[in-house]
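Undergrad: If you scroll down you'll find the structure; I have some questions about it.
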Amino acid sequence: MNTRSEHAPIIQMKDIEKHFGAVIALAGVSIDIFPGECHCLLGDNGAGKSTFIKTMSGVHKPTKGEIIFDGKPMHFDDPRDAMDAGIATVHQHLAMIPLMSVSRNFFMGNEPVKKIAGINFFDREKADRITMEEMRKMGINLRGPDQAVGTLSGGERQTVAISRAVHFGAKVLILDEPTSALGVRQTSNVLATIDKVRKQGVAVVFITHNVRHALAVGDRFTVLNRGKTLGTAQRGQITPDELQDMMAGGQELAQLDDALGGTV
Amino acid sequence: MNTRSEHAPIIQMKDIEKHFGAVIALAGVSIDIFPGECHCLLGDNGAGKSTFIKTMSGVHKPTKGEIIFDGKPMHFDDPRDAMDAGIATVHQHLAMIPLMSVSRNFFMGNEPVKKIAGINFFDREKADRITMEEMRKMGINLRGPDQAVGTLSGGERQTVAISRAVHFGAKVLILDEPTSALGVRQTSNVLATIDKVRKQGVAVVFITHNVRHALAVGDRFTVLNRGKTLGTAQRGQITPDELQDMMAGGQELAQLDDALGGTV
Amino acid sequence: QDLNYVLVSHAPDSDSWWNTIKNGIALAGEQMDVSVEYRNPPTGDLADMARIIEQAAAAGPDGIITTLSDYDVLSGPIRAAVDSGIDVIIMNSGTPEQAREVGALMYVGQPEYDAGYAAGLRAKDDGVGSFLCVNHYISSPSSTERCQGFADGLGVDLANQMIDSGQDPAEIKNKVQAYLSANPDTDAVLTLGPTSADPTLLALEDNGMAGEIYFGTFDLGENIVQGIKDGVIAWGIDQQPFLQAYLPVVVLANYHRYGVLPGNNINSGPGFVTADGLTLVEKYAGEYR
Amino acid sequence: MSQSAQPTPATDERIKDISRLRQSLIRPELGGICGTVLVFTFFLLTALDSGMFNSQGVLNWSTVSAQFMIIAVGACLLMIAGEFDLSVGSMIGFAGMMIAIFSVTLGWPVWMAILITFTLCTALGALNGFIVIRTGLPSFIVTLAFLFILRGFTIYFPQTLERKTIIGGISDAAQGDWLAPVFGGKILGWLFQWLGEAGLIATFERGTRAGQPVVDGIPMLIVWAIALVFFGHVLLTRTRFGNWIFASGGDAEAARNSGVPVNRVKILMFMFTAFCATVFATCQVMEFGSAGADRGLLKEFEAIIAVVIGGALLTGGYGSVIGAALGALIFGVVQQGLFFAGVESSLFRVFLGVILLGAVILNTYIRRMITGER
Amino acid sequence: MSQSAQPTPATDERIKDISRLRQSLIRPELGGICGTVLVFTFFLLTALDSGMFNSQGVLNWSTVSAQFMIIAVGACLLMIAGEFDLSVGSMIGFAGMMIAIFSVTLGWPVWMAILITFTLCTALGALNGFIVIRTGLPSFIVTLAFLFILRGFTIYFPQTLERKTIIGGISDAAQGDWLAPVFGGKILGWLFQWLGEAGLIATFERGTRAGQPVVDGIPMLIVWAIALVFFGHVLLTRTRFGNWIFASGGDAEAARNSGVPVNRVKILMFMFTAFCATVFATCQVMEFGSAGADRGLLKEFEAIIAVVIGGALLTGGYGSVIGAALGALIFGVVQQGLFFAGVESSLFRVFLGVILLGAVILNTYIRRMITGER
Ligand SMILES: Nc1ncnc2c1ncn2[C@@H]1O[C@H](COP(=O)(O)OP(=O)(O)OP(=O)(O)O)[C@@H](O)[C@H]1O
Ligand SMILES: Nc1ncnc2c1ncn2[C@@H]1O[C@H](COP(=O)(O)OP(=O)(O)OP(=O)(O)O)[C@@H](O)[C@H]1O
Ligand SMILES: [Mg+2]
Ligand SMILES: [Mg+2]
């Protein structure tokens, strides 16, 4: 699974900094992402995880630092550039529009077109067909492709978002806390999807607060803390407890954990 | 900790049903809540957990069924009635208003008043003083009581909401997925707070998707599934794996778990 | 009620001056035993008015009575109505020549510019050299023509002497006061109707210039009549809207019934109402005057 | 994966059934369609013999409806994209005045006046949009400011340049111009000529045009309205850009994250709204030959009302151009129909308010059924 | 617990410093205060000798500002509560007309006419609110419908009852009434009399009132404005109900969950807005002695503009009554000041738009600093 030694990294983020006005969200973070690995990004609230993957997916421009994609330096001007390069992102606050139909959402920003009389038209039949197919593959029975996303449950929406990202042939799939609001069944669904995608050779960046979810699918683990990285660990090089400690900022939690039976 | 045999239940929910138009969100759920216990409510997305605790806290009126509070049948017309009776709720989608100051949020709906010339005025000094004090107790250093909630982190907001509920002398504290978006440190903070509150004799209803969080603080566990209860289990009567299985609707997940190392 | 006439005005719904018109056609309709209707563009948009004339023509009445407040906009629809066999009388605004041009039977009214010009000449005789024109409806062309005519009658440049007062009485009042205290050597005030005259009266009363400053106004209303009586207002230009509405109905009905038609246009104004002979004016101001 | 693949069973015991028929009926335009049927039935019953449905009458309310449609299409697309334009009315006045000033006061050829006005006004629309995007202010406020600014200039310019608030003489200037008839002309004259000769429609009885049909063609205004509705409808439902419009209005942040160029979409829609307002103004100026400072008053509300009657959501992300066109048709037919039916005209506003309320409540109900929104 | 009790250390290395001074300066009213200072400086420099700042001039712009203030207070509280009222202007016309019809046409005593009008109008406000609450429609649409409905009736009633659209003669009817002077009277006449005699303020030099002071009292309109601003400010900042207003506008759902009676708050605010509009109308009718069908046109926008200039957030949950009052003051001073300064009056609208834009951008900047919003 861990194909690290075989490939060159698909994305190298070098010394990324990001400032929002008076707030320094990222203070120099470097990470390499390899194809076929699931790279977990962990860290406290406000550590800068979302900000980091947003620079990776072209939503934010880094204040400083370099992004090397497939060996070449890249400058994403907006999310479309990143998508065109093969970076698909499922954002923490879902990138779905409740009032729009599933198929329109599925293809949002990537609409298939057909030329009629030299003009590009939105190819709805194709969009509908592909959507129904992909949803069926993921085990979601839609009433029809024009069912509004607002009528889907949280887990279903997450699944739509992930399958959309996979469908568009992403080389890198970024998932920002996809499981935080999901039930056990939905969560395992999502984790299984991650596993499947990774096996297809796609690089997955998986953000979570849940050490167990991370350990279930992760190959490598990077912990962010207050805008800096605490380093990257290989699967097997680190125990769940060590990971837990790193995320919480060291020993602070020891006593509390004791009192609650160490099961947080 | 489990004081079940010593007391009468503080809330009995009997056969609660709730319909939203064509959707049957609750199809007859009964639960007893005892003082000093932490009662965990678990279940899939859309199982009806939030709907259930909303009928308990007076946000929804049940379509059918009875609520018995402290031995007497109760009809809550709106959340204020429930709050007056001693039921405090921290809702899933935070009951905090970002643009308002911490102290105004803290006392929202429960403002302290002082009479000047026969007219009730909002007692701001008192509100500010209490807020600062309570926040300090919870380990949050505010810039001042008039700092806007919008400037707090997710974990901090959650803590404000919980300490507010505790402060108003709730007999029952309801928490709807308070940890789902929180980091490890914030999560253990919240769990520690729940533990403390329970020890003060308050009944806590704790909704979560995370079996480990539930097991860390729960005394009893009720699993909802598609608007029905699958029964209530005592701490120690049930293993984590059994609980996990119940939440996911039985054996369906067995194989998946295998593949991922049983760590979901 | 075999005959059916429609009066189309250019005034917005709320313009109070047109009440007299409505009352005028209603009375004429009753007396001549014909059915009459009053229509107007709700916001006073002249383009909408053109549509209403077309609509009226489509409904096929026996006659249309309308204003010609913008020849460019209205001549087309009016000529089409005339050509499709409907008799048209022009009232209130426009000129006799324009009325003839569009094929109307006759013109009843008072050309706005001419009325302003006449008032200007009169004021010049009374020794006025500068003035303030309180325009409460600046976006309407005819109100600007009145001010322009007055200025030309005086032989001065309009320039900044016309203010956009808006229609709120308190704002009108205070704007008049502001203007007058910023330009204390203003000789005269000209208002364009009750909407601006009433607050102006109060403004002058307040700043003590009532009776001091030369004050003329267009059109009549209860307070204006009172002002004339009290000697605050020198004159009101009465274009006798009642006649503008009443006469065309009578003329049309008689023309359609007996084929008789006056040989000339009727100038309903400008008549200057002064302190002499105010009793009837007072009684019916705002209703028939 | 397949073992965990039934999150939603084909039938859900927790959802009561909805009949097929009902489901096929509920579309965004349903409210507009019902309203149109209702309105026409009403007037067919009450005003049939008033001339409302003869050739002249039909042309009359069609023209008025076409006017509303032209601005409704722009307002509709903009509203679906999540923004608002209160400056439409002032823009109409401003555009007309600019054409008049360029062609009459400055004496430029009319085609040049028209083209420059279009450029200027769409640029102003872009400015509106740019300010909204850059400052993040609600478009209500920004365009309210422009409502005042543009109206102010519409009064100020002709007053300082020509000393009057109405500028005429454009018809003369437009004589022989190649572009003017595209806005002010009529088409299908030969058809109506023939219909008139065949006695199928009424003809003039006297005057210089005696014998000619009273309706001598379809005004370009109506052609523009149909063309814009068609264009808007195709753009919205059949192109990827249409999907972006929905997405920008539904949730700008989510759309942006998915790679939709939200800012570009919004600015373009502001420009399109300004374009529609300019089309309206140009048609008006070319037809009537003059521009006045009071043209277009309150038209912004009329556009919004037509759009909302047609089922669009005020907060964006939902709506239909066909619906908006039907809303404009209802608006126009009711307005003119009340005249035909001889209703006291001051009650028109009361009707308008009641229709607006009723339509919006109906539309909300329909929308909730469609989207499953709560 | 204590060991894990430092989620936010007292100093945060990730936040750059903000100076104390700057922090004490940023308040919701700051924009309004800056604007006021700016505007007064401007007119002190350009129009000092035009009479703008003598007793008469001061009264002049004070009265106009007071008018704006009265409706701005209502609009401000309603906007903070998260709703909007576009029917304010029509309500002003309607209320005035009702008083006139009751007292003149029906001949009731004026106090009764006033009281019944107040009841009727606040009831209409409640109806507005009730429809918004029950249907969940945006208040923009609901009150837009009422804008038309009320204006329609304001024209229709007097026309059918009295055959005119201006009803006068209220001054006569109000003679000796006990309630009328509360709205139309003046206070502190003796003070100004004394000031005039002492030569501290100018007296009339000619005319009917020669020798009397040019300012003979403070109109009740100003007293009402001050009273309402005071009431609104205390209500908003010093009572629990004020907290509820903020909460309802900030997030209705969250507020409801916390036990705030959101529906009641919103309906009460709609009623208060209607009440303010009625106060405005009553003062106007009592001062001018007549009611006209065109009164109050566009006042809804003016109220919203004053409120927004004063720093309130259009989407609710944030704002200040003092700010709104300053906004009204700026609005009034600019409007009147341009006359004193002799600026071409049609440019007023342009100024208004530019000021609105500038103020809103400044306020947004200030608000972001205060709330840490992004
Ligand atoms: N657009 C923005 N403007 C200003 N500050 C921002 C912005 N986005 C994020 N921040 C700040 O940057 C820091 C990092 O935020 P980020 O959302 O990346 O955290 P996170 O690690 O994703 O946290 P969570 O686990 O809660 O999602 C926080 O302090 C946040 O307040
Ligand atoms: N106001 C409402 N109107 C209509 N349907 C509703 C409403 N509130 C909830 N529902 C439906 O009731 C069901 C139960 O929803 P609820 O929010 O109680 O689930 P939950 O157990 O809290 O799920 P989650 O874990 O995702 O929070 C869902 O099918 C939901 O769509
Ligand atoms: Mg995040
Ligand atoms: Mg829930």
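Count begins at 1; order follows the chain as displayed.
Yeah, the Cβs are placed from backbone N, Cα and C, and that goes for glycine too.
Automated prediction, rather than curation, is the source of TrEMBL annotations.
Keep in mind it's a predicted model, so treat the numbers as computed, not measured.
When I checked TrEMBL for this same protein, it listed these features:
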- E:30-48: transmembrane segment (TRANSMEM)
- E:60-81: transmembrane segment (TRANSMEM)
- E:88-108: transmembrane segment (TRANSMEM)
- E:114-133: transmembrane segment (TRANSMEM)
- E:140-158: transmembrane segment (TRANSMEM)
- E:178-202: transmembrane segment (TRANSMEM)
- E:214-236: transmembrane segment (TRANSMEM)
- E:267-289: transmembrane segment (TRANSMEM)
- E:301-334: transmembrane segment (TRANSMEM)
- E:346-366: transmembrane segment (TRANSMEM)
Undergrad: Any chance you could find the range in E:60-81, E:88-108, E:214-236, E:346-366 with the most Cβ pairs under 8 Å to the transmembrane segment (E:178-202)?
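TA: The stretch with the most contacts is E:214-236.
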Undergrad: Please give the sequence-distant neighbours of the transmembrane segment (E:114-133): residues at least 6 beyond its ends with Cβ less than 8 Å from one of its Cβ atoms.
TA: 83, 85, 87, 91, 94-95, 98-99, 102, 108, 139, 142-143, 146, 150, 179-180, 183, 263, 266-275, 277-278, 281-282
Undergrad: For the transmembrane segment (E:346-366), which recorded stretch in the set E:30-48, E:140-158, E:214-236 gives the largest number of Cβ pairs separated by under 8 Å?
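TA: Going through each listed stretch, the top one turns out to be E:30-48.
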Undergrad: Should the transmembrane segment (E:88-108) and the transmembrane segment (E:214-236) be scored as in contact, given a threshold of at least 3 Cβ pairs under 8 Å and pairs 6 or more apart?
TA: no
Undergrad: Quick one: do the transmembrane segment (E:214-236) and the transmembrane segment (E:30-48) have at least 3 Cβ pairs under 8 Å, skipping pairs fewer than 6 apart in sequence?
TA: no
Undergrad: State, in range form, which of E:30-48, E:140-158, E:267-289, E:301-334 has the highest count of Cβ pairs under 8 Å to the transmembrane segment (E:60-81).
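TA: Between the candidates E:30-48, E:140-158, E:267-289, E:301-334, the best contact partner of the transmembrane segment (E:60-81) is E:301-334.
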